[in-house]
Amino acid sequence: MADPVPLPRPGAGPITSQFNRRAPDYLAGLNPEQREAVETTEGPLLVLAGAGTGKTRVLTTRIAHILSQRLAWGSQILAVTFTNKAANEMKKRIHELVPSLDGLPWMGTFHSISARILRHHAELVDLKPSFTILDTDDQIRLIKQLLEADNIDEKRWPARQFAGILDAWKNRGWLPKDVPSSESAYFANGRGGKLYADYQARLKALNAADFGDLLLECIRLFRENPEVLAEYHRKFKYMLVDEYQDSNTAQYLWLRLLAQGKPAPEANICVVGDDDQSIYGWRGAEVDNILRFETDFPGARVIKLERNYRSTANILKAASTLIAFNEGRLGKTLHTDTAEGGEMVTVTSVWDSEEEARHVGEEIEQYQRAGESLNSMAILVRASFQMREFEERFITLGLNYRVIGGPRFYERREIRDALAYLRLVAQPADDLAFERIVNVPKRGIGDSTVKVLLETARHQNVPLLAATRMLVETEELKPKQRTTLRELVMQFDAWAARLEAVPHYEVAEQILDESGYTGMWQADKAPDSPGRLENLKELVRSMEEFETLGGFLEHISLVMDRDSGEAEDAVSIMTLHSAKGLEFDTVFLPGWEEGLFPHQRSLDESGRAGLEEERRLAYVGITRGRRRVRLSMAQNRRIHGLWQSAIPSRFLDELPPDVVEVSDTGSSYGGYGYGGGATSRFNKADPFESVYETPGWQRARANQASRRGGGPLTIEGELVARSVDLGGQSSHFALGERVFHLKFGYGEVIQIEGNKLTIDFEKAGTKKVLESFIRKG
DNA sequence: TTGTGTACAACGTAG
DNA sequence: TTGTACACAA
């Protein structure tokens with residue numbers, strides 16, 4: 001244990017110098033439980049920490065403590081999180097606490113740390129250190145190719161579905177050989193297992209790994225190479241895991257392997273978690289992992305943090321009352337010392353999502369005028385499609401905003417194209433990248449030419465770029481294509497060579513210019529092409545922050561934030577999932593409607609468990625707010641271009657009335673607002689009965705009805721329309737009839753298709769709407 | 001080989 | 001409403 005110890009440099013900063021005092025100041029602000037969690041450095045430790053109880057603070061202070069007590073170098077500490085957001089937050093806070101670090105702790109997501117480990121030992125898992133990390137998009141394209149090769153009908157067995165199955169298998173830590181035949185039977189009549197094996201073989205050939213592989217291959221590496229594992233056992237003296245309740249089986253195995261350096265009762269592993277914030281069941285998280293911790297590590301200390309320092313009493317009460325509706329909790333109660341309740345939690349009923357965005361925008365401006373910073377406000381949505389409305393509104397208002405997660409920068413077409421060029425230069429075996437760009441910009445290389453390339457590649461067992469190199473020396477291609485491809489290959493050689501001498505970001509710019517890619521967008525007269533060019537510039541600019549092209553590519557595939565202008569004052573827009581671990585003075589939670597939140601698919605797929613997970617998500621959302629929580633629900637929402645009337649979320653009814661203030665924006669019509677019913681404050685319908693109006697139930701009813709031979713249907717939903725489309729004969733309305741619609745007003749029926757009516761509205765113009773929204777005029 | 005028109009599914013969440 | 005896959009014409 002007599003390791004060399006980082007000595008603080010004299011005068012390196014106020015905090016560092018405090019390390020030398022007997023009762024270090026960094027412990028001063030902690031309550032007894034927090035302090036215990038920080039100071040219990042030896043042996044396994046489980047910290048059950050409710051929302052806002054200073055969990056991140058404990059973790060970061062603990063790291064500072066380990067350093068100041070000279071128990072380890074920075075680089076001997078491993079700190080794992082689940083999201084990039086959380087990892088960044090932790091890095092930032094460590095940096096504030098310990099400005100001068102000797103050796104950075106290994107801080108990051110499971111995936112980024114795994115990637116780092118794998119690059120060191122790539123050969124041992126049949127990869128080269130330059131391997132590409134495939135994202136979901138690449139993954140699906142690869143699966144499509146495999147399905148085609150196996151003559152599996154993609155209509156019947158969608159690639160997307162198999163990607164999901166693969167993911168689930170990998171989350172459970174299964175290699176192809178581990179997949180039981182009962183599971184394999186799930187896809188393509190039992191060919192799932194074989195597909196998995198083929199898929200993995202393709203990945204190796206491409207020198208690529210998908211997200212799941214990062215963990216799985218790491219586990220395989222450790223298992224098959226005890227000496228490598230031992231190396232990491234020696235290296236990592238202290239391990240810390242954030243949000244442990246979100247770990248899935250693969251991550252659990254990964255951690256356990258790394259913790260095996262010492263007998264379990266002595267392992268210096270500290271996990272922090274909160275069963276009430278477990279929101280990743282859908283990607284295989286096992287809450288059991290946290291419950292099992294004391295069994296896995298006998299003699300583990302357990303510390304509960306229950307004192308909340310974040311939110312007002314009212315917010316806390318709203319959150320606690322809501323989460324109490326869940327069964328199967330470990331049971332924690334949050335306390336606050338604040339006597340004052342603070343502002344009420346508000347629920348606003350609005351007409352539709354557009355008005356919702358307008359309303360939120362107005363409030364934000366109002367707070368801004370009162371001197372509050374935009375950085376202190378956030379909009380947390382259930383699903384990323386909700387973001388667009390807010391973005392559009394904020395653009396017209398000129399309100400600064402930043403989107404975290406959601407449709408990501410790197411998912412844009414121009415970025416993916418540019419990255420494909422860069423990937424291919426860095427990694428010539430990247431066939432997916434090759435296929436993406438051979439004909440972008442248009443070079444006259446169509447499907448038939450690509451087919452020849454693919455066949456050659458397969459026969460010669462070489463990557464596409466290499467196959468092309470061979471083919472251009474033969475007569476097999478038409479002269480025109482041959483010349484084009486020869487030039488392209490030469491260009492790639494030149495770029496790769498240039499990388500040795502010229503900084504990579506300069507080469508990148510040259511690649512985009514010389515390939516004609518930039519020119520393609522300059523010539524494009526579409527209104528969004530200037531924006532695309534701007535994005536490309538941004539991409540090249542961001543490369544400057546990295547040492548090498550490889551480093552940049554890894555960052556882009558793992559860390560998907562567009563972290564532009566962190567310093568600027570801006571409202572954050574993000575999903576509830578990515579908001580976990582963050583906090584804001586003011587939090588807006590839009591879209592509290594049945595079907596959206598709780599999300600219908602969650603209920604359909606996982607029933608009660610799904611509902612409880614949604615409720616935990618609601619709990620996470622509310623507890624993000626320090627001073628103000630503003631909920632809203634839209635009475636109408638457009639789904640797939642059709643208007644659907646919405647029912648208030650049952651979660652609204654589960655909030656304690658005494659801390660909640662209800663209002664609307666005055667644009668509702670009678671009968672559709674809140675407050676009209678016996679069982680609900682928000683809707684005339686019983687919240688539990690309301691599930692019978694959800695799409696899933698409608699589908700079930702429609703199927704029943706169509707089996708019985710149809711009949712007049714009055715229920716709404718487009719799926720109903722599809723299954724009982726009687727060619728327009730079943731409508732209750734006639735062409736030319738005068739009708740009324742709640743949103744659009746009066747109009748005349750000009751076309752009937754099943755239960756969809758096209759109506760020429762007097763005020764709103766021509767719209768296609770569902771019959772069920774129409775009254776006789 | 002490229003461009004256009006039609007049909008049809010998709011809007012669930014992380015890395 | 002938007003994006004994508006496929007069929008067919010130029």
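Glycine too: its Cβ is placed from the backbone N, Cα and C atoms.
Because the structure is a prediction, the values reported are computed rather than measured.
Feature annotations, reproduced from TrEMBL:
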type    : residues                                               : note
BINDING : A:A49, A:G50, A:A51, A:G52, A:T53, A:G54, A:K55, A:T56 : ATP binding site
DOMAIN  : A:28-312                                               : domain 'UvrD-like helicase ATP-binding'
DOMAIN  : A:313-581                                              : domain 'UvrD-like helicase C-terminal'
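Sequence-distant contacts of A:A49 (ATP binding site), defined as residues of its own chain at least six apart whose C-beta falls under 8 angstroms from its C-beta, comprise A:K55, A:V58, A:V272, A:G273, A:D274, A:K304, A:L305. Of all the binding-site residues listed here (A:T53, A:T56), it is A:T56 whose C-beta has the fewest other C-beta atoms within 10 angstroms.
Apart from A:A49, A:G50, A:A51, A:G52, A:T53, A:G54, A:K55, A:T56, the ATP site neighbourhood in this chain, defined by C-beta within 8 angstroms of the site C-beta centre, holds A:V58, A:D274, A:L305, A:N308, A:Y309, A:R310.
Highest local Cβ density among the binding-site residues A:G50, A:G52, A:G54 belongs to A:G50, counted as other Cβ atoms within 10 Å over all protein chains shown. Residues within less than 8 Å, Cβ to Cβ, of A:A51 (ATP binding site) and separated from it by at least 6 positions along the same chain comprise A:D274, A:D276, A:Q277, A:N308, A:R310, A:A319, A:L334, A:Y619, A:V620, A:T623. On the 0 to 100 pLDDT scale, the domain 'UvrD-like helicase ATP-binding' (A:28-312) averages 92 in the predicted structure. The number of other CB atoms found within 10 A of the CB of A:K55 (ATP binding site), across every protein chain shown, is 23.
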